[in-house]
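Presented below is the structure to which this report refers.
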Amino acid sequence: SPGFWEFFKVNADDLAVDAISAKDYLKLKETIYDENWASDENALELDFGAFDFSSRRLTLSSSIGNGVDFISKFMASKTSGDLEHSKPLLEYLLALNHLGENLMINETLNTFPKLQEALIVADVYLSALPKDTPFQNFEKKFKDWGFEKGWGDNAERVRETMTILSEIFQAPDPTKMESFFRRLPNLFKIVIFSVHGYFGQADVLGLPDTGGQVVYILDQVKALEEELLLRIKQQGLSVKPQILVVTRLIPDAQGTKCSQEIEPVLNTAHSHILRVPFMTDKGVLRQWVSRFDIYPYLERFTQDATAMVLGHLECKPDLILGNYTDGNLVASLMANKLGVTLGTIAHALEKTKYEDSDIKWKELDPKYHFSCQFTADIIAMNSADFIITSTYQEIAGSKNRPGQYESHMAFTMPGLSRVVSGINVFDPKFNIAAPGAEQEVYFPFTEKNKRFTSFHPGIEELLYSKDDTSKHIGFLEDRKKPIIFSMARLDTVKNISGLTEWYGKNKRLRNLANLVVVAGFFDPSKSKDREEIAEINKMHALIQKYQLKGQIRWIAAQTDRYRNGELYRCIADTNGAFVQPALYEAFGLTVIEAMNCGLPTFATNQGGPAEIIVDGVSGFHVDPNNGDESSNKIADFFEKCKTDADYWNRTSQAGLKRIYECYTWKIYANKVLNMGSLYGFWKQLNNEQKKAKQRYLQMFYNLQFRNLAKKIVIPSAEAQQIAPTVAKPQESSQTESPKPSEQKPIETTQTQMMPRENGLEQQRQLASPENAYTSCPHSSWFFLFLSLSIVIYAAMKYYGFFR
């Protein structure tokens, strides 16, 4: 069963089978690569499980990922109607405040009997009031009794909340416990870290290390703010929430806004992107840095980001969320320093993407620096109060494949460390909260009145023009065929080249459909990413090998989300299909996007998409390790569509039904805020154990990670000396305002808040490459002056000739 592991040793002579420990298994594995390390009795061993001996754990594989349910039950069992057991909850309520102002109760109700008695008196009083009586009408009386704001916005809501608390004191129930914490006013300020790549709202998708994670976070922020505003209103408060997405400021921003310190998040009123530069001894690092080479900068980045966040929020955040290895490590360092509840989101743990990458770390380290990455991952996941995953498989895998987190239960990096107990997937910190897709962008192709028809001429040219350009190469000879469509980063794991080979080898599929892929660059000299360069060369070789001209269109990475949404729908207009062929995919946002647009979808059976799609019902699974089987499955679909006129529509509708039932951002935001509230109290209940484990993690970070990070060579590039500043965002509203004219980005200097841009048309303009500012290097001014001089001289001669 998923989550349960036993290790055995088989004797080659008599085939005797003996049970062994995880430690012994790892040592035997090490002998293949480093016998000296395997035999070293003083080799560094890490055992994080040693700190969890007193913690309660889930016991069933089917319960993995249901952490909130478990801790609600546990907290209910610990909170019975007596003074001793109710004390932690009472202390938690007494500590609730916003900027020093008490919420819920004050010191008047500092004992359990006093609170119980006051709740009874308040219930009698509220029962005589009309349900819609505003809290302000009885606020003074409640304050005299020891109650503060936060119970609700009217008599009905206040009475409901108080009744839930009374029932918890009387007969604790996990459902009521979760419901009560959902109503508590304990989350107002949230910080989200996403460090690597180009984090922006326009012209960034498809740039190196920049893909689904950016889309995920921007949609996440909008959903969280909307849910926060609803909860704060229902609590009867006038507090304005704040969400900060903290990322890296990149001076050489490639025409994006990644050099702008502060940027409002579109379609929000209280959320901003805060960019902090990477610093070296020489000053600000100007250029993009691969996610694999990012580790030397993270500690200083954390220090600078912490100072800027505190300056912006004017207090500590209530919740910190990390994303990917770098963001999770930075988030864990800040949360530990400030004593704030921490949630982490892996998106993808690289150890599972590359076979035997732990045992072969020395071989792979020059290219990927896995020694740093795996160390950072194990630190972050053990630091987290809760871990958000998109699927069950991400945690515990399946019967045939271990999960991403499960693969960190026991592993070894010979010569570095032997992790005998890394993470326990039965830990109640694990929770599943699947994201959705933004409905304004990704909606069914049948909703004709909402379609972005202004994009149609450009999409027509993008798909069907015959000429090779900087935007596309290849052409489609027979445009009557449906289109097989895929869109992803151009790297090994996304497997776009694998899909191209499946198509090239399958003559039946080539006769039935065209292939269109959106991925990366065509010219390897334009890429700075090692994997992408290799994949570009591989794509060109495959197109030549299988003579695919006339049947394939390779489109450069697209950065406009709105046009991408319409592109999905235009593919659906051809009765085409979307294929996500990744070797492994933690979740698969493009799968959600395609299905939202009504496009029948084939997706990898390795990872999250296997849970999103019910095979043969709402879409289809494909095996990325069996190209012949996968390509034939796609061909079978298109052949059936020819014989059954309604088959394509039925598949499309089934996909949409699946999305609406399980994958929306509203469901996601509700779950995540519930986690933030509940785990804040859970952390308090387990404070002593948490402190002990944190000391262990601090030692490991200082003695291991820091030394590994120092060994990564920092590129010698021009750095800019700057004075550190803390810019404070001004409050903005969601009222429509005109788009300001583009100005040259100010690099890490104090930035005034830009007017917030709203409306679909303004977002389309922002997302358009034509609106991007492009900087001109100093050398270009000389050539510009020289060119103008030649033009003026030629014009004078020309004018003289006609005279």
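Cβ coordinates are placed from backbone N, Cα and C, and glycine is handled just like the others.
Taken from TrEMBL as is:
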DOMAIN    1-30  domain 'Sucrose synthase N-terminal'
DOMAIN    66-153  domain 'Sucrose synthase EPBD'
DOMAIN    176-464  domain 'Sucrose synthase first GT-B'
DOMAIN    476-646  domain 'Glycosyl transferase family 1'
REGION    724-768  region 'Disordered'
TRANSMEM  781-800  transmembrane segment
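Looking at 66-153, 176-464, 476-646, the range that has the most CB pairs within less than 8 A of the domain 'Sucrose synthase N-terminal' (1-30) turns out to be 176-464. Taken residue by residue, the domain 'Sucrose synthase N-terminal' (1-30) breaks down under DSSP into 9 helix, 8 strand, 13 coil. Per DSSP, the domain 'Sucrose synthase EPBD' (66-153) is made up of 54 helix, 8 strand, 26 coil. When pLDDT values are averaged over the domain 'Glycosyl transferase family 1' (476-646), the model yields 95.
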